[in-house]
Each structure stands twice: as C-alpha cells, then as structure tokens.
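Novice: Pasting a structure here, questions to come.
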Amino acid sequence: MSQTQTARLMDGVGLARRIVEETSSKATELARRVGVTPCLATVLVGEDPASVTYVRMKRARCAKAGIESRLVSLPATTTTAELVETLQSLSQDAGVHGILLQHPVGPHIDERAAFEAIAPEKDVDGVTMSSFGAMSFGLPGFASCTPGGIMRLLDEYEVDLAGQHAAVVGRSAILGKPVGMLLLARNATVTYCHSRTTDLAAIVQEADVVVAAVGRPRLIRGEDVKPGAVVIDAGYNPGNVGDVDFDTARTRARLITPVPGGVGPMTIAVLLAQTVDAASIQLGLAGR
Ligand SMILES: Nc1nc2c(c(=O)[nH]1)N[C@@H](CN(C=O)c1ccc(C(=O)N[C@@H](CCC(=O)O)C(=O)O)cc1)CN2
C-alpha cells in the first residue's frame, strides 16, 4: 500500500448493530420458551461522569435488546467489604444472569477483590481471574468485552493474524492483557508495550497489527505506523479522542478503527451477547 492511501474504516457501529439484533432475537426466544427475561446487574460506585455515561449507554442498549437491566448505584465512600458483599449477593440472586462492575472504582477499593466476588458463570464482562484463565487457555468462558469486540472486528474484516507481529500498547487487566492473550491464541507474535517500554515508536513501526489501549490521547502517531498495518484504537479519552492520531495514521494503515464508532460500540454489543448466553446456560438451554 502506498503511504498516501487512505485506510479502510472498520465499522464498529454496523457490526455492533448486527450483534445486538441477533442478541435481541435470542432474548425474545428465551422469553418465549421459558418465560425468563435475561437480566444484567450493573454496579456503579460513585458518580464519575464518564462511568455514568457508559452505564447509561449500556442500560439503554439492554432495553433495546430486550434485556432487563438492574442498576445498583453505590456511594463513592463504599468500602471494599461492602462492594464485595453486594457482588456476592448478586452472584447468588437467581434472577440476575450477568453482573458488571463499572471500572474504575475509587482508589481506596481493592478492585481485584471486588471482581473476584462475581460468580464466574455471571461474569459477562470477563473480568475475573477464572474468565481470564479460561480465555487464555481457549476454554469456555466469557471474554473481557472490549478484547472480545476487537477480535470480532478483526474477524469481520478477515484479518489473518497467524505469524503477524501485534503490538499491544497498554497492559490493563480488562483490555491490554486479555487482548494480547486472544491475539496469541490466533498465532500472532505479541509484544506488550507499557509505560516502561523504552522505545515504543520502534516497536510500533515493526507491527503488522497495533492495538492501542492505554488511555493517552493520540499517543500513536501516523509516522510510526507501518505502511499497510491494521490499527485498532481502543483508547477512551475525554472528548471521544482515541489513543491513535487518526488523521495521520489512516494515511499509512490498511485498516483502522475510528473513534467514535469503532471499538466502543463493540464493547457493549459483546456485553449484551454474553448476558443472553449466560442466561441460556444458567437456564440449562445451552452448553458452555
Ligand atoms: N467493567 C467495565 N468497565 C469499563 C469497560 C468495560 O468493558 N468493562 N470499558 C471502558 C468504558 N466503556 C464501558 O464501560 C465504554 C466506553 C465507550 C463506549 C462507546 O461506545 N463509545 C462510543 C462513543 C460514546 C459517545 O458517543 O459518547 C464510541 O467509541 O463510538 C462503550 C463502552 C471502561 N470501563
């Protein structure tokens, strides 16, 4: 590909819409067969404006897809013990099929302890160690939603990952680490980059696939994108700006996700799909 060609956009909105339509049909079928509406419980601690927006978006899309959504809003002063108790109680509630703890929680909370209080069969957000382990070994379980959405996008655009060098920029528990494991499972050669990586640009320049997942606006510059690379921007920053400098990166990449309209909508679509799958499994209508 010449260096001035414009990359094809990977349309997360269209693919997410199709996944949600499919999910909605499955939810309707479940209600028809056993009279149960799949239910997602969302736990929000505090009132971080971005988190409030994401939770609102998730609930609105649940409503459209025929999924019941239960919101548990807790004050910012909630302790780890109180949060763990809430998540354990939702885990034991037969009327709840999926549980989501909106990330991030306040710094005084042990987020890992909280995530581990979610029963693995209800971990539709794929945040527990059990889900991470199962996903890493290719065993049944729920993937972390954004990584799962990224893989669906790569499949949709027929990106063959075998033997490709993938640079994952970011190592968070819900995004960077799991997406690297999913790419590895597809036989990509994965390099994790992070705040201590000494020469990020040099690694990105060698990468056939770049996944930017660090939350630093426009960190990845077009000049560092290998001509013909696939660029996935999974960064969430204020003002709907991604981690990739889109305008310059698109002149070198073969495929690129826009922000907004790329990875974000896929995150919610995968969450909804996994909630309905969890309900089907818990009701004995599907295997894991
Ligand atoms: N428990 C979790 N917490 C967080 C996750 C997660 O997957 N699980 N991901 C992110 C934020 N997030 C969902 O929570 C999220 C962010 C953005 C979008 C999205 O669709 N963005 C749109 C633009 C939105 C707008 O117009 O305002 C887009 O990119 O097109 C969905 C989900 C952190 N926390």
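Note that Cβ sites are derived from N, Cα and C of the backbone, with glycine treated the same way.
Okay, these came from TrEMBL:
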type: BINDING; residues: Gly170, Arg171, Ser172; note: NADP(+) binding site
type: DOMAIN; residues: 10-125; note: domain 'Tetrahydrofolate dehydrogenase/cyclohydrolase catalytic'
type: DOMAIN; residues: 144-281; note: domain 'Tetrahydrofolate dehydrogenase/cyclohydrolase NAD(P)-binding'
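Can you tell me where each of these features sits in this structure?
Specialist: For Gly170 (NADP(+) binding site), the number of other Cβ atoms no farther than 10 Å from its own Cβ, over all displayed protein chains, is 23.
Regional average pLDDT for the domain 'Tetrahydrofolate dehydrogenase/cyclohydrolase catalytic' (10-125) in the model is 97.
Broken down with DSSP, the domain 'Tetrahydrofolate dehydrogenase/cyclohydrolase NAD(P)-binding' (144-281) shows 55 helix, 24 strand, 59 coil.
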Novice: For the domain 'Tetrahydrofolate dehydrogenase/cyclohydrolase catalytic' (10-125), how many residues does DSSP put in helix, in strand and in coil?
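Specialist: Here the numbers are 62 helix, 18 strand, 36 coil.
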Novice: Mind giving me a neighbour count for Arg171 (NADP(+) binding site)? Other Cβ atoms within 10 Å of its Cβ, every protein chain shown.
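Specialist: 17, counting other Cβ atoms within 10 Å of Arg171 (NADP(+) binding site).
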